[in-house]
Every structure is written in structure tokens, then in C-alpha cells.
Amino acid sequence: MENGDTKPRRAGGRLCCLCNNRRAALKRPKTLEQICRECFYEVFEEEIHQVIVDNQLFKPGERIGIGASGGKDSTVLAYVLSELNRRHNYGLDLFLLSVDEGITGYRDDSLETVKRNEVQYGLPLKIVSYKDLYGWTMDEIVKMIGLKNNCTFCGVFRRQALDRGAALLKVDKLVTGHNADDIAETVLLNILRGDVARYELLLEIEQMYCNYNRRRRANSEMQTFQNLNLICTYAYFKRLDYFSTECIYSPNAYRGFAREFIKDLERMRPRAILDIIKSGEDFRIATTTKMPEQGNCARCGYISSQKWCKACVLLEGLNRGLPKIGIGRSRGIDNDHQKEMKRSNGSKNIESKQCGTLDF
Amino acid sequence: MKLTIEFGGGLELLCDSVKIHKVNVELKNGEKKLTMKDLLAWVGSNLIKERPEMFMKGDSVRPGVLVLVNDCDWELSGQLDTTLEDEDVVVFISTLHGG
Ligand SMILES: [Zn+2]
Ligand SMILES: [Zn+2]
Ligand SMILES: [Zn+2]
């Protein structure tokens, strides 16, 4: 027992399967091996490194933006990526990119965390705000539309805000962190709804724990996910500074049935989360759903399969005082608005999604 | 028995936003040892001030709460049956809060 800073447990402290030297601290969900803290860091970080190398994600000299919300996923991603960049000489210029949705008591606090991360990891930070980009804060939007569809606005605006921030930073690629549990939950919900074709949404978030470039989607085929438990354990052991309050406008984001179900499955079978993601991929491959052709929004130039991008449709509604334009199904929308919807954007609208599960 | 109890990942919000608690847990009459099961009941009634359902489910922690005993996942030490000793450090981390 030579782990200096922790008190060794008496009988039963098993040794790590990998180094056979230190006391095991946790079980790997993939293999059920019991491993020590040092070997866990190694395995966790090198798994991400391997994906980066195998898929040639980055080229030396590239500028890479890291979507940083102050939450655990993006904090761990930023930390690991800057470590790997140093350790393996990627030669990347890394930047933190944050979106300020304008949510008092939530985003202002989490942005403080990101500002500390800027100092702790020595990565320059850029913050783009809904107010600057769209003229509205989430607080103002909620005041106007209430708490029913606010996460639709939040999600659509956030994705586009990240891309715009990426353009301002002139980064070559933008990476966002997602944990395996969130991805598995989305896969499960899609399958349960029998809505295998909802790939637009799935595509946005399936792209792994560690990579992806929104503008060149072809490049985003590889995936690696780390389980939520591992991300939290890693963050705790490394004493990473992250923000863990739920969005005040979606306080129930994680209390759904699907999440409880996934956590119960994981208890019985730690691999379950990764297996669910795998079946989601198989589903995707098995179905030959045509992805809508990508063009550009006639209004703002953002990537869009329709005449106007979703953000512009939503924004138009807000500015005209008809905030239901572009939201969900036609239920509750009168004929006038329906016509409006058809004219501006004939596509199936994404359903209001808890923004917690789309966080970056 | 002197223990250090730490809350993280948002669970501290259930106990007046205090993360680290140095506590002294009295053993029940006649008991010689303290298990995690005993400790959870003690924490539930002594440290958790609001929304106990965010912390407990039945007599264990809610799925999505990580438990570390002396920096070791409690799955390796027997979960509820883990026996505690003086000066042990028990950490509870919610994995469910925030993004
Ligand atoms: Zn080891
Ligand atoms: Zn929100
Ligand atoms: Zn647009």
C-alpha cells in the first residue's frame, strides 16, 4: 500500500489489474477490471488520444475551439485535451468558447467557472452572448414565451452561437464534450418513440465525447464516449473546478424515466450504456434515411437544409411577437401561424428538448 | 467515530452548500462497527436538509450518486456492507447535475 495521500483500507484492498502495484480505486465499466487511480488517468486519457490519432482529428498548427459550459463534460474535455496537446505534441492552439445565454443565477455563475478554467489551463477564452447575436437574452425570451418551449430556443440558439463564436475565433475545428449517458438516453428515447429517423438531432449530439467539426460533418464519423461516472470520478480525483447547478429553466432535465432506467441498467451491467449507443449506431446504419441536403440560410448564411435556418425562424417569431412559430407540433397554433410556419420553414420542427441533455 | 463526509457535483446544495463535513457518528447501543448502510441513514437524517429524494432511494443512494470511501469506489468494498473505521473519508458525488 503506497498510495501516500489516502489512508489504505485494511483487509480486502485489491491490487490494480494493470500495474499490480497500487490499490484499485474503481472498476472499468468496459472490462470490469479493477484499476488504481494512476492507471485510470492513463486509460481515460489515452483512450481519447487513440481516437484522435486513429481518426486523424487534428493537424499540427490547427486552431481548435473547445465548447466550454463550465460543466463537467466540457471541463474534463478542456483539461484532457490541453494535457494531450502537451504530452503528445499535437501542436494545436486551443481556445475555450463559451455561450452566454443570459440566464441570471445560472449562466453568469457558470461563466465564472469558465473564467477560472481560462487561468487554470492557460487557454484563451471567448464568450459570445445571445444578447449580442440575437438581441434577446434567455431571461427575456422566457419572460415572453413562458417555460414551455424555452429549451427549444436555448438549444437551437446555442448550437448556432457556438458556430458563430468559432468563426469569430477563426478556429479550424470546434470540439464539444458529451458523456455516454446523455447519448445513450437520446438513443433510447428515439428508439422508444419509434422515431428512428430523427437523425438530425441525433447527429448533432451523437458525435462522441471528444470531437467534431460542425462545418465539416463528413469528418465526424469517429466516436468515443466516456461514461458519466468516469467523467465525474476523473473530475473529482483531479480536483477539476466545474459548475454543477442545473439550468433554472429546465430543473427537471435529469429526472426522466429514461435516465433512471439507464442508471438501473448500468448497475446491473456496467457496459449497458456503451451497448445502447452501439445499438443506436446499428440502427442508423441499417436505415437509409436520406439526410436533407445542406444549403445556407437565406437570411443569416448559417448552414441549413431549409430556406431559413431554425434560429432565424425562431427569432422571426420572437421579434414579431409570435413566439410559437417554429415550435413543435401544430397543436395550439392557430391557422394563421401554421401558414406562417409553412412559408418560412416547411421542415419538421425539432421537438422541445430539455437543454440539459444537449449541453456541451 | 470521527469521519469526514464530502459532497460534490451539486449534492452540497442539499446541505446548506457545505461541501466538507467533519462529523462524529455515535455507534448505536451494542454495535461494534459502523457500515455504510448505517452511515447513509445517519447522513440522511443529520446532514441532508432538503430534497432527500435527490440523495437516497430506498436504503441506498439514488442511482447516479457516486460513493467513494477513502478515494475508492464503494463497489469495490461492498457498497452498503462496507465497514467504516475512524478517520475514514466518505465522498458522495452527484453525476446528474449540470452539463
Ligand atoms: Zn494501476
Ligand atoms: Zn435551459
Ligand atoms: Zn439563419
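Note: Cβ is positioned from N, Cα and C throughout, glycine not excepted.
What TrEMBL says about a protein is an automatic prediction, not a curated fact.
Because the structure is a prediction, the values reported are computed rather than measured.
If you look up TrEMBL, you'll see A:64-197 marked as domain 'tRNA(Ile)-lysidine/2-thiocytidine synthase N-terminal'.
The annotation ATP binding site is assigned in TrEMBL to A:Gly67, A:Ala68, A:Ser69, A:Asp73, A:Val99, A:Gly177, A:Asp182. Reduced to three states, the DSSP call for A:Ser69 (ATP binding site) is coil.
Taken from TrEMBL, the feature region 'Disordered' applies to A:330-360.
Feature annotation from TrEMBL assigns compositional bias 'Basic and acidic residues' to A:331-343.
The compositional bias 'Polar residues' feature in TrEMBL is assigned to A:344-360.
Residues A:Gly67, A:Ala68, A:Ser69, A:Asp73, A:Val99, A:Gly177, A:Asp182, recorded as contacting ATP, have a largest CA-CA distance of 20 Å. Taking 8 Å as the upper bound (exclusive) on CB-CB distance to chain B, the binding-site residues A:Gly67, A:Ala68, A:Asp73, A:Val99, A:Gly177 give A:Asp73 in sequence order. Per-residue pLDDT, averaged over the domain 'tRNA(Ile)-lysidine/2-thiocytidine synthase N-terminal' (A:64-197), rounds to 86.
Most Cβ neighbours within 10 Å among the binding-site residues A:Asp73, A:Asp182: this distinction goes to A:Asp73. Listed binding-site residues: A:Ala68, A:Val99. The one with the lowest count of other Cβ atoms within 10 Å of its Cβ is A:Val99.
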